[in-house]
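One structure is given below, encoded as structure tokens.
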């Protein structure tokens, strides 16, 4: 397995333990001692996975996660939590974290959790060869409530067929779920401009501009 992983934790022994474990999986690892350093590294380098401690001095993990979602929306984030912050880890997953590791953890637990996240994405991406397959993967991840991975696959579909309305509408729906109504409407408009007869985008645009945003979102 070849993947780039950033470990963010203020405890040196955690950083060293996780890094040593991941290197046995042939992962390339970087480390950050706080949220500010982590964000600086993320701005300069693309990572496959970020292991992020929830409770750190200064900027806490939840705040860092929210910032990561803005500057690197496609990266997988796994939270590191102590017993007292498990509830926060669940909240973090609602913000897009893919899983969490609870301290104390053994090397085998680290390997298993990281492998599940990385293998799933790598295998799925290798299996997808065209627009339709990337869109099907996006739908699968929406069903699993993994909106960030779904967004990544929709963007890959869009890069393969930028003149088709379905991906723009789907991306608009995911953006709306995230809470960015203005950007969602732009994407719905892009879909309708490509195909004025494409009803899911027309209905989504009408719904969000007429004050009925609570009604059903049409993914397709």
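Cβ from N, Cα, C; glycine included.
What you see is a predicted model, and the numbers here were worked out from it, not measured in a lab.
For reference, TrEMBL has these:
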DOMAIN    4-118  domain 'Response regulatory'
MOD_RES   53  4-aspartylphosphate
REGION    199-220  region 'Disordered'
REPEAT    131-164  repeat 'TPR'
REPEAT    165-198  repeat 'TPR'
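Averaged across the repeat 'TPR' (165-198), pLDDT in this predicted model comes to 91. When Cβ atoms from all protein chains are considered, those within 10 Å of residue 53 (4-aspartylphosphate) total 27, not counting its own.
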